[in-house]
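Novice: Quick one: structure below, then a few questions.
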Amino acid sequence: MKRPKLKKASKRVSCSKRYKIQKKVKDHTRKLRKELKKKGGASKRPKKDLGVPNSAPFKEEVLREAEQRRQEIDEIKDKKKQAKKVERAQKRKREKVTGKKETEPKAKKPLQEVVVEQPEKEPGPDKGSKQYLCSELNKVIDASDVVIEVLDARDPMGCRCPQLEEAVLQRGGNKKLLLVLSKIDLVPKENVEKWIQCLQLEFPVVVFKASQQIQDKTVRARKSRIVASNEVLDRSRAAACSGNGCLSEFLSSYATKTENEAQLKVGVVGFPNVGKSSLINSMKGILACNAGVKRGITKSMQEVHILKNVKLIDSPGIMAAPSNPPASMALRSLQVEEGGVSAHEAVRTLLKQCDHSQIMLQYNVPDFRNSLEFLTLLAKKRGYLQKGGIPNAEQASTAFLDDWTGAKLSYHCKASENRDLPAYMSAAVVAEMQTGWDLNSLKTGNEGTLKDVKCPSQAGSIGLTSKGPTAGLLRVEDVTEEKPLLRVVEISVGKPADAASERAEQNDENNQPEQTPEEVTANGTKAEEPPIKRNPGRVQFESVPVDMSVSAASTGDAYDFNTDFN
């Protein structure tokens, strides 16, 4: 019987197995190549000389020249060899005659280094000190022909500094003062128009919306594939800038009218985070000055050429006087940056000035009783959590203040209709400040800027009451470097932190000191306590009475079911 033929095993494998084998082979060869490279054995192969192609013109002449060059190189090498042989022979002859071997000349001793003591350089000024910032601000005012005071359109009156305006008016040289309302895209349009009517009674007013996406000139802008069909929508985005054309024409027309042949120097001043550096960057079109939400980025004056006859000068922010009301200081987080007040206290001060329902709608949080509960809800909403899922109230408070100081949150203050002129101004000063400007073109330019910018509605913006102009420090003599004082907060042992903060807020609102039950006698009068000797150099802690009875512990934590079944 014939044996049946057996089929050979197929060499076909699955694609995944084949790809896996190929990958392993690649990795193995790469590994071998790396090891050879480390040992120095994996040198590149010398490239083969392809010679002169046949299609090249004058091939024979090129080859002949190459051959001649090769012969010349060989001849030079032979001559060098012969010269060395002759030199060695002469050396041997001299040694035979003298009987002494010629030694090589000794190497010269290195010269000893002479250390010259240089005089110690005097330390330069501290650029972060208040005195330095104040002197730089005065330099900008002295060097400027026109001073632009940048005001946040959300609170223009709170961003004005009477000391700065008075200093500009008192300086000689026919200086002009100009007001610029920035961040107009965060304020309702009707409110901006009222502020223009109010402020232009004293100085010329220009509305401006800076671009938030200015790039460095070394970074190439990527071309966007999506092109907006509506031009108004495209202009109202964060990358668009409105009002720069109006402001540049306004300044250039004034520069041509002046008799001075040099460039018109325009100083840009104002409180921190009002948009001074952003205005210069938007006018220039590139990132010429550093800008950000953090206070104190600009620490010295910087000149930026905008037009052929106009030059802008950036300046550090005005330092606020400590005598200002806490609401105006918290609105621009001035005390928080200096370390005088904690971020939580600044948030508490701002929440007292706002409507409760508007804050709930703006931040999309439920009803809250106090500032600590609001910060806890905001931390949970934005994901600011610590280890163990505990809400980070400190991070939430800094984010809340960044929203108010930066160009993010929309709020507005009502313009004062009947406002008298300040003491340092008069009708003659107002007329002098408005001479030389083309006010008609300014009016049409402001109307066009407001038409281009998309402003929020009145209902979508938080309403605030302005606390008036903010006092600033301009003279170096008035500035004193003070160390921040640490506040000691005592919380009773038997009460949680939330209750303590809530109780403190209620006492702040009523402006009454808190009294404990132990301090009040049966007659309702406050009991007199013996005087306690205090040492000013040490921190003393007083004992706090703690109620450890069962009734006190049970009534505080017990839940009253009768409230649900009345």
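Each residue, glycine too, has its Cβ placed from N, Cα and C.
Not my notes, these are from TrEMBL:
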COMPBIAS  1-47  compositional bias 'Basic residues'
COMPBIAS  58-89  compositional bias 'Basic and acidic residues'
COMPBIAS  96-111  compositional bias 'Basic and acidic residues'
COMPBIAS  118-129  compositional bias 'Basic and acidic residues'
DOMAIN    134-321  domain 'CP-type G'
REGION    1-129  region 'Disordered'
REGION    496-540  region 'Disordered'
Novice: Residue list, the compositional bias 'Basic and acidic residues' (58-89) vs rest of chain: Cβ under 8 Å, 6 or more residues beyond ends.
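Specialist: Same-chain contacts beyond the flanks: 52.
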Novice: What average pLDDT is reported by the model for the domain 'CP-type G' (134-321)?
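Specialist: Averaged over the domain 'CP-type G' (134-321), the predicted model reaches a pLDDT of 80.
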Novice: Looking only at the compositional bias 'Basic and acidic residues' (58-89), how are its residues distributed among DSSP helix, strand and coil?
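Specialist: So the counts come to 31 helix, 0 strand, 1 coil.
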